[in-house]
């Protein structure tokens with residue numbers, strides 16, 4: 001108990017401010033990496049509070065940069081904080097924090113898109129998927145250029161219960177451009193409803209917990225920033241493989257202003273498109289004149305279940321790519337024109 005109280009009351013000693021760290025190590029946000037620094041510790045504290053009770057927790061922070069959120073996490077009484085930073089310019093400032101919090105901060109110079117976090121924390125932290133979430137958290141102020149591919153990667157990890165979710169239903173508290181945050185949490189029928197909405201909400205409880213004005217960041221981005229909290233569901237709302245769900249959802253939303261049958265048709269070869277699309281919609285009991293934003297997760301569940309049965313009946317169907325068929329048609333047309341040109345040339349001799 002004494003050790004737990006000591007962890008819970010840990011506070012960092014006096015340190016240079018984040019602004020002073022930036023000046024000390026001559027740090028500048030790299031525009032090509034979509035970097036924006038959050039200097040206000042009241043806001044970083046608020047992000048960490050939205051993650052929940054972090055006393056004695058093991059936390060994985062992505063993209064710590066100069067260490068603003070890192071400080072707030074350490075002050076929350078965590079057992080251990082692991083940070084993964086790709087940009088070597090930030091390592092000296094992070095090392096200063098590590099020296100101020102002996103045994104609490106572990107720094108990895110690496111890429112969050114490839115780092116194997118499932119090997120990073122003790123095996124004893126693992127929980128059954130149906131149990132309460134483990135005492136493991138992911139927190140991060142994500143660079144805009146990696147936020148969408150990273151959350152899609154982690155959602156696939158949720159579906160497979162691997163990566164950061166090998167420990168159980170690991171919770172995530174992450175920043176995104178406000179527009180992306182709104183899409184992730186958008187309800188059925190809203191204008192922000194998108195592919196991200198469905199992919200996140202069929203696997204997680206998603207909350208857009210608050211918005212940070214762009215002026216709080218250095219340099220000031222052109223957009224505000226949304227903080228989103230994810231808790232994986234005990235059972236996904238669509239019980240199909242992630243690639244299949246992703247393919248159906250992507251096809252629907254590629255024509256987001258059209259009726260849903262337009263995008264769903266792209267799941268099928270042109271010669272059978274009309275008949276198979278009609279069959280899919282009929283068996284799934286989905287109105288073909290619904291717009292993509294009007295489709296609920298339940299609608300997508302029905303569509304994915306029927307599409308899976310159709311793929312089982314036709315083993316070649318899932319591999320079909322309508323763009324490839326278009327390219328083949330175009331190539332065949334060019335070959336035909338070339339042949340006609342050669343014939344015309346011969347006739348002109």
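Just so you know, glycine gets a Cβ as well, placed from its N, Cα and C.
As written in TrEMBL, here are the features:
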- 36, 38, 63, 85, 111, 141: S-adenosyl-L-methionine binding site (BINDING)
- 43-234: domain 'Ribosomal RNA adenine methylase transferase N-terminal' (DOMAIN)
- 330-349: region 'Disordered' (REGION)
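The structure, with features from TrEMBL marked on it.
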residue : record                               : contacts (Cβ under 8 Å, 6+ apart)
38      : S-adenosyl-L-methionine binding site : 44, 68, 69, 141, 212, 216, 217
63      : S-adenosyl-L-methionine binding site : 84, 85, 86, 112, 140, 141, 142, 143, 146
111     : S-adenosyl-L-methionine binding site : 84, 86
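Its own atom aside, the Cβ of residue 85 (S-adenosyl-L-methionine binding site) has 24 Cβ atoms within 10 angstroms in the protein chains shown. Between the binding-site residues 36, 141, the minimum number of other C-beta atoms within 10 Å of a residue's C-beta occurs at 36. Spread of the S-adenosyl-L-methionine binding residues is 20 Å (greatest Cα-Cα distance among 36, 38, 63, 85, 111, 141).
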